[in-house]
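Undergrad: Straight out of Swiss-Prot:
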BINDING   315, 316, 317, 318, 319, 320, 321, 336  ATP binding site
ACT_SITE  371  active site
């Protein structure tokens, strides 16, 4: 093969990435129109479409390269020269970091995830020190309260690109000021100014204004979820100003934002200040660059594994019937491998399990299903695997292992954020913490169901608790769409003996679910049962689930809030939330700073 071929291949890959990201931005740019037109089904379709774009364009490039090389095999030296040529194209390229991930994806598709070495791939960035702070145009605009906070906020809201009328802008400004006063106090607020991102962040049925509350000694998040009323008018639903609240909004269990980001690396750096607890991978994930997030996630893993003296161990909790789960004690992720054989009661296949994980990737996760990264041919050093875990892997997933002497290769696994299994959490807490956990658990089931997801296996062990106390579902092998389930009420027994029989006295078909039976395992614990019955008794009735199904089949898309209901302005300020009401903060207008 000629020397010029390496450059042609490198240019072809980069042009393929340009095409992919151009389509990514095109789909993203439609978010405003979808929001304004309340086309919520189009929102869901666009989310799936944008996820599929990446693999589609990788496939197109792979076919081009096979034509260019006429299907001939390539030697190691040739591949190294291709990477060198590609690297030389990147110093002036604005999205170099994601272009590196795209190169990796093309390589993996061409060579079936074999020979994944730093020499052939961008395992590490070619430009780790390249800053994103020098930009052709600012990512955000500063607003100062020289004429008071009412005027400042009026300017912020008026500058938004949304073309709908406001339901009551003066009322919402009053709410925001009252919320800021409660959070900071008037004196501190008077020393602050706002920095607001130029682009809105769209997700579900909200357009999020994302900003920074800049104080003399610190910077806080400033997040406003803007909603559209049924009458087509805009209103602000709440104001969030803590790092914990912002972390939940940008959480790993939520769908990706639609935010127009020609320079995603710069946006990630800008967000980092208000999301200090988020890793680089999580920030790229939040803005929809999920494939590059996978690259960053792997880099974070390598950074940890090369500096720790820990061994992989089986993850705490009840051992699963489908997945073998392991972790590093100090690492915040778990590794999940599909077993070779499932427990007899699990009538699913490995292909079905993988399809379920893909469904979760593409579906609206409503803050209640953990996102995952999928890896092939994942290499582990044997000396970093506890003997008990290694024996378990060989026994339960031996068909997915390749022994390389001092290392093993796992042909397929998922990496997911680690949480405390809910069953362990419930054993450890009491009082209000127990009540909160039971409430969260029921709310998770409700919100999943409203999003057309039936969890299937709702045992506590299949849910986890995040560091913010939220309950998240993470066992996907039995999930299905709500519309595929036949919810039934158990018919009354024909004779007294029926209730004592080992077999049911009624017919059961595939897809039948009897919510009354949930009580047997959800309410068996005397500490938990009364709380569940108090807060979530309707989940034990078939008619509750059938009513939800009817709403879904009629096209209803439920509102999803990334904050508690009590934080909504309509709840906090109650009677003052009428559309025609002008709300005045308790202490009047915030005074201007000197």
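If you go along the chain as it appears here, the first residue is 1 and each next one adds 1.
Note that Cβ sites are derived from N, Cα and C of the backbone, with glycine treated the same way.
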Undergrad: Which whole-number value in Å describes the distance between the Cα atoms of residue 315 (ATP binding site) and residue 371 (active site)?
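TA: That separation, Cα to Cα, works out to 18 Å.
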Undergrad: Would you mind reading off the Cα separation of residue 318 (ATP binding site) from residue 371 (active site), to the nearest angstrom?
TA: 21
Undergrad: Which of these binding-site residues has the least crowded Cβ, counting other Cβ atoms within 10 Å: 319, 336?
TA: 319
Undergrad: Work through the binding-site residues one by one (317, 321, 336) and name whichever has its CA nearest to the CA of the residue listed as 'active site'.
TA: 336
Undergrad: Long-range same-chain neighbours of residue 320 (ATP binding site), Cβ under 8 Å, sequence gap at least 6?
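TA: Sequence-distant Cβ neighbours: 475.
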Undergrad: Note down the number of other Cβ atoms within 10 Å of the Cβ of the residue listed as 'active site', including every protein chain shown.
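TA: Counting Cβ neighbours of the residue listed as 'active site' within 10 Å gives 21.
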Undergrad: For residue 320 (ATP binding site), which of the three DSSP-derived states applies: helix, strand, or coil?
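TA: For residue 320 (ATP binding site) - judged by DSSP and reduced to three states - the answer is coil.
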Undergrad: Using a 10 Å cut-off on Cβ-Cβ distances across all protein chains shown, tell me which of the binding-site residues (315, 318) has the largest neighbour count.
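TA: The largest 10 Å Cβ neighbour count belongs to 315.
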Undergrad: Return the residues near residue 321 (ATP binding site) by Cβ distance under 8 Å, restricted to its own chain and a separation of at least 6 in sequence.
TA: 339, 342, 343, 345, 346
Undergrad: Over the residue list 315, 316, 317, 318, 319, 320, 321, 336, recorded for ATP, what is the maximum interresidue Cα distance in Å?
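TA: Those residues reach a largest Cα separation of 15 Å.
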Undergrad: Which one is it: of the binding-site residues 316, 317, which Cβ has the fewest other Cβ atoms within 10 Å in this structure?
TA: 316
